[in-house]
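Visitor: The ATP binding site feature in Swiss-Prot is assigned to GLY436, PRO437, PRO438, ASP439, THR440, GLY441, LYS442, SER443. Residues or ranges marked as SUMO cross-link in Swiss-Prot (evidence: sequence analysis): LYS517. Marked as domain 'SF3 helicase' by Swiss-Prot: 410-560. Annotation source Swiss-Prot lists phosphoserine at SER88, SER96. Residues annotated as region 'DNA-binding region' in Swiss-Prot, with sequence analysis given as evidence: 148-311.
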Amino acid sequence: MDDDKGTDTTDAKEGCSGWFMLEAACSDDSDLDNSLEKLFEDGTESDVSDLINDDDTAAQGNSRELLCQQQSEECEQQIQYLKRKYFSPKAVQQLSPRLQSMNISPGHKSKRRLFVEHDSGLECSLNEAEDLTEEVEVPASAPAPAAQGGVGSGHYTSLLRCNNVKAVLLGKFKDAFGVSYNELTRQFRSNKTCCKHWVLAIYAAKDELIDASKQLLQQHCTYLWLQTFSPMSLYLCCFNVGKSRETVMRLLSSMLQVNENHILSEPPKIRSMIAALFWYKGSMNPNVYAFGEYPEWIMTQTMIHHQTADSVQFDLSEMIQWAYDQDYVDECTIAYQYARLADSNSNARAFLAHNSQAKYVRECAQMVRYYKRGEMRDMSISAWIHHCISKIEGDGHWQDIVKFLRYQGLNFIVFLDKFRTFLKNFPKKNCLLICGPPDTGKSMFSMSLMKALRGQVVSFANSKSHFWLQPLADAKLALLDDATEVCWQYIDAFLRNGLDGNMVSLDMKHRAPCQMKFPPLIITSNISLKKEKKFPYLHSRIYEFEFPNKFPFDANDTPLFKLTDQSWASFFKRLWTQLELSDQEEEGENGETQRTFQCTTREVNGLI
């Protein structure tokens, strides 16, 4: 073992240790280039191959960098998702509003790219410059001044500047109150339709004006319901009188200083139990302001006694009694008028809820006709005349009829005598003929009498039918208007038996022929039987009155003789004794029966 510890540096130059000189001398090959080539050729098999660590175990710093990169990518994806959800797309830069409105072909606004694509830098698309579109943010407009109706914040006003303002308001209403506006209201298409009850949804009204409206609306409303969930306010206004949508919108827009476009106004659903419960239970909320008594339609849908009344089954006899009392015999009139009673009549509500309404209407009308026909047949002619004129309202003068008969040159005493036997329906005295030139008032005189005494009219135009004389079976008095020569031939051939006052067989539709006597019959015609020798057998059966003079009118085309229901009522009252009509005290007190007809088990003075 050498005793020297290290390299001898005594012969080294200044500044150098001389170590490299010794090591260079120990090398087998002094050529530096050959040494480097040999080093690279040997690779890992060389003596210095252990200097490079080839283990698969990664350093701790590389794993942390990978985790950081993954977290960054996940965070970027979440940010892009939030941008898609909450950010509104940018509008395309607009050069001019007028220029944008003059597009020849429909343009499509570019959508904002939410996910950014990173360019590798290796290739560039040739159309990359064409796809670039400059995007700008559309600045929000300043809020409109209060004088123009815009009192909401600028944010609210900008939200409402869209194509469908109503859809935005409906959405905000549902978000605020948790119920759809259309579930509480029914639609009025016309702004002129009047209604007492209105549901109003108002957007972005000032709180101080809403508080003031609570007092201002009390003078207009019988009931007021108000609840506010900013920025929406909900009103239920039951006005003293009916108002149209235009009137209500003007009232609320001026009172709350809001634009009419920010108001939804429709009438409430008055037959919906769910809607009524919304208002009823809402009024118990301390945040709801309520003034006045509940409207009738809320009470009807929510109170217990009304609900028990609705459960009552439909009673047809009650409907028939109502139609009989109202003197309704037509199906359409019965159906319409009875449906209008649904708000106040439990049986009418049960009728509307039934699936066989048409069947019940037909049966009701048929039964009323049966009762009316039986009532008429049970009355004498005196009782029938008294029954008819007692229902005529208003005052008239009997002298209008007398003056008209004298104007036509008739002897009133003779007319009164023939009219008396006519009403008595004596054989061969039960038919009167009123003839004369046109426009002499024949039909007007006869029709006014038929209307006052509720007579029936038959027309020879229907003579081809076997049932054209069927209305005579339901009449106390009848009229055959404007008989022509063909009609007289038919009467002479087939109706002489009926004019004699004998029983005849009358064809009835869907029924067997009816055995009956003709009621008193008035015939109007332009043909005088006295001058016609072709009908000698009718001369003794028909008494003729001639109207030779044209009916007079004044300068305003108003008839000079008032032949009205009131005139005929006065005529019969004045000449009741001369016509030998029976005293009504013998048939009943004041010409009426002691008790009205009853076809249902209804209560009378608390008794059934």
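Cβ from N, Cα, C; glycine included.
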Visitor: If I restrict to non-local contacts, at least six residues apart, and a C-beta distance under 8 angstroms, what lies near SER443 (ATP binding site) in its own chain?
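Guide: Expected: ASP481, ASP482, THR524.
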Visitor: According to DSSP, collapsed to three classes, what secondary structure does PRO438 (ATP binding site) have?
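Guide: It is coil.
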Visitor: Under a three-state reading of DSSP, tell me whether SER443 (ATP binding site) is helix, strand or coil.
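Guide: Where SER443 (ATP binding site) sits, the three-state DSSP reduction gives helix.
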Visitor: Write out, in the order they occur in the sequence, the residues of the chain not among GLY436, PRO437, PRO438, ASP439, THR440, GLY441, LYS442, SER443 that have a C-beta within 8 Å of the mean position of the C-beta atoms of the recorded ATP site.
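Guide: Everything else in range on the chain: ASN526, PHE547, LYS550, PHE551.
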Visitor: Mean pLDDT for the domain 'SF3 helicase' (410-560), rounded to an integer?
Guide: 92
Visitor: Looking only at C-alpha atoms, tell me how far GLY436 (ATP binding site) is from the residue listed as 'SUMO cross-link', rounded to the nearest Å.
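Guide: Between the alpha carbons of GLY436 (ATP binding site) and the residue listed as 'SUMO cross-link' there are 28 Å.
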Visitor: Cβ atoms within 10 Å, counted per site: which of LYS442, LYS517 has the most, among these recorded positions?
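Guide: Counting every other Cβ within 10 Å of each candidate, the maximum falls on LYS442.
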Visitor: Specify the count of other C-beta atoms within 10 Å of the C-beta of THR440 (ATP binding site).
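Guide: The answer is 21 other Cβ atoms.
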Visitor: If you measure ASP439 (ATP binding site) to LYS517 (SUMO cross-link) at Cα, how many Å is it?
Guide: 32
Visitor: Tell me, if you would, which residue among PRO437, PRO438, GLY441 (binding-site residues) has the fewest other CB atoms within 10 Å in the structure shown?
Guide: PRO438
